[in-house]
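These notes are about the structure you will find just below.
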């Protein structure tokens, strides 16, 4: 059984299935943690009524399943004024890149069996375009947003879509420049090389400025508070106003999948990947170390959402262009000078 599983083709299919299931499972847990975390911060109980098998109530863990079933069985209507083709493909365009991007994240150290090296990520981390692959797919999600807003034929939806696209484009530049500093210090676009370079010291220590820029830009890229201008109820309705049932849930899943991928990418770039004292000596320990860091970064998404108020849109753009972009350039210059003359 084990020998058959380690066949390269079979192992690849196995990884695809497992990673897809793991991503959806973490998304479900993240939605539960979001609501429980919000309740904790607001000094209330949160969801605790849904019971598994009608009897077992464990902190409301059945709530994501109930929410998923509710969305799945809701009637899926087409509003009369929408463009049916674009209206249908928009959530797909948002969801597929969000899940495909996670394929590049190495969530554990590779292992060798019978002289063959096996990687735990779907896309081998020794691929020379690992960082470019993530940025290329991450930039595609905005097309689903703008198409969804346009296809809805609703002025509030298109306004939300335009805000979201402008926001993503503005912050992608600062985020990319922050990552260039990591690429300069490691000399590679390969994710495994970036992790190996952090065996002694994690990148967050020498490149704290770049880490702050990247961390801030993550919230704008994933449309999370305090940068959730695509769906601000107090000003505009949002690009998925006309969506319901599973089409809406695909936008919803894409948002949380992007959070997971962004958190994993931050762990790889700045928190040492799977490196952790006393844990990274084994494959299982490296996976545990990576998951602990991933869950910590995910918790910061929830923590900040329920702690900070929303920015105004002009404040968002000012922060991106007048502060984060110059800071990312300063970080890049410092890293370049250090490795040119001091490193």
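Every residue gets a Cβ built from N, Cα and C, even glycine.
Those TrEMBL annotations? Automatic predictions, nothing curated.
Per TrEMBL, transmembrane segment is recorded for 12-33, 85-107, 127-147, 168-189, 201-220, 250-271, 283-302, 323-341.
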Subject >> Cβ-Cβ under 8 Å with the transmembrane segment (168-189): same-chain residues at least 6 beyond its ends >> reply: 128-132, 135, 138-139, 141-142, 145, 197, 203, 206-207, 210-211, 213-214, 217-218, 220-221, 223, 269-270, 316-317, 320-321, 324-325, 327-329, 331-332, 335-336, 339, 343
Subject >> Residues of the parent chain within Cβ reach of the transmembrane segment (250-271), under 8 Å, 6 or more residues beyond its termini >> reply: 23-24, 26-27, 30-31, 91-92, 94-95, 98-99, 101-102, 105-107, 134, 138, 141, 144, 148, 179, 182, 191, 194-195, 202-204, 207, 210-211, 214-215, 218, 221-224, 240, 243, 290, 293-294, 297-298, 301
Subject >> Remote residues contacting the transmembrane segment (85-107) - C-beta distance under 8 A, at least 6 residues beyond either end >> reply: 16, 19-20, 23, 78, 119-123, 125, 127, 130, 133-134, 137-138, 140-141, 143-145, 147-148, 150-152, 191-192, 195, 240, 242-243, 247-248, 250-251, 253-255, 257-258, 260-261, 264-265, 268, 273-274, 287, 290-291, 294
**OP:** Using a Cβ cut-off of under 8 Å, list the residues of the same chain at least 6 residues beyond the transmembrane segment (201-220) that approach it.
**Re:** 167-168, 170-172, 174-175, 177-179, 181-182, 185, 194, 226-227, 262-263, 266, 269-272, 275, 301, 304, 316, 319-320, 324, 327-328, 330-332, 334-335
